[in-house]
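Participant: I have a structure I would like to understand better, so I am pasting it below and will then ask my questions one at a time.
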Amino acid sequence: MKYVGAHVSISGGVENAPQNAQAIGAKAFALFTKNQRQWTAKPITDAQIELFKRRMDEYGFVPEQTLPHDSYLINLGNPDAAKRQQSLDAFVDEMQRCAQLGLPLLNFHPGSHLRQVDEDQCLDLIVDSLNRALERTSGVVAVIENTAGQGSNLGYRFEHLAHIIAGVEDKSRIGVCLDTCHTFVAGYDLRTAEAYAKTMDTFEQVVGFSYLRGMHLNDSKPDLGAKVDRHHSLGAGKLGLETFRLIMNDGRLDGIPLILETIDESLWAQEIALLYAMQESP
């Protein structure tokens, strides 16, 4: 079964996310558990936690199909030790917030070398940060998102994801989220059945579908290999609708959250319905 949704607002409180997802016909959703552009946030109250969990049950959402995203400020590969520690502490706080809400996944961008160290050194710093974060927390899986390769961001090659996974000591608490726009602008084609099969076979060989815990479904404004991160509405960008039809009929992608981060949220309900309409009868 496919679980399609979108990254919904937590305006007014994290407890509002489930009803915002329900309102667009979602079967999954993503959210921030705090303001994503601030280092610290007030703790989630017991009342908020109770209401969040009650609404999850009421609207039929399952924690495993819910994909929280961490703050954009966090850089677990920051070459500056003090700044890396600040990121680590913030990441641990985000993992603890997920645990409080009963959510077993936390999606994050791997990190950036800021042109101060080489890629392998930065990947090793990310691994070290993750191992420290996992030691300080329990239960929540850290889900690495592949990136567009913009600037000095790592994670744009499947080999980067594999490097991080290889270094993480507790393999049960590491996973991957593939973003279709990021995958495409990083140089992996998805536009035809042949190209899609080749890219997914490469992912299986380098990383493995056993680690895939979610996907972000976004069309792309830039072209293949552009290494620029600009999402577009489904069918309006360079990927086109065929990519998403292939995803909706790929049995390997059953049971994980498939999350829209397309640019016009007024279209999300329509895009979710479109994706489900693409499913072919078995």
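Cβ atoms here come from the backbone N, Cα and C positions, even for glycine.
So Swiss-Prot lists these for the protein:
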type: BINDING; residues: H69, H109, E145; note: Zn(2+) 1 binding site
type: BINDING; residues: E145, D179, H216, E261; note: Zn(2+) 2 binding site
type: BINDING; residues: H182, D229, H231; note: Zn(2+) 3 binding site
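Burial and contacts for the listed features, if you can.
Facilitator: Residue density at H69 (Zn(2+) 1 binding site): 23 other Cβ atoms are found within 10 A of its Cβ, drawing on all protein chains shown.
DSSP assigns D179 (Zn(2+) 2 binding site) to a strand. All chains included, 26 other C-beta atoms sit within 10 angstroms of the C-beta of D179 (Zn(2+) 2 binding site).
The Cβ of H182 (Zn(2+) 3 binding site) lies under 8 Å from the Cβ of E145, N146, T147, A148, G149, Y156, H216, D229, each of these being in the same chain and 6 or more residues away along the sequence.
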Participant: Among the binding-site residues E145, D229, E261, which residue has its Cβ surrounded by the fewest other Cβ atoms within 10 Å?
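Facilitator: Among the binding-site residues E145, D229, E261, the sparsest Cβ neighbourhood within 10 Å belongs to E261.
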Participant: How far is it from H231 (Zn(2+) 3 binding site) to E261 (Zn(2+) 2 binding site), counting Cα to Cα, in Å?
Facilitator: 7
Participant: Suppose the Zn(2+) 3 site is H182, D229, H231. Which further residues of the same chain have a Cβ inside 8 angstroms of that site's Cβ centroid?
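Facilitator: Sorted by sequence, the hits are T147, A148, D179, C181, V185, N218, S220, R230, E261.
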Participant: Starting from each candidate's C-beta and looking 10 angstroms out, tell me which of the binding-site residues H109, H216, H231 has the most other C-beta atoms.
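Facilitator: Its Cβ has the most other Cβ atoms within 10 Å: H216.
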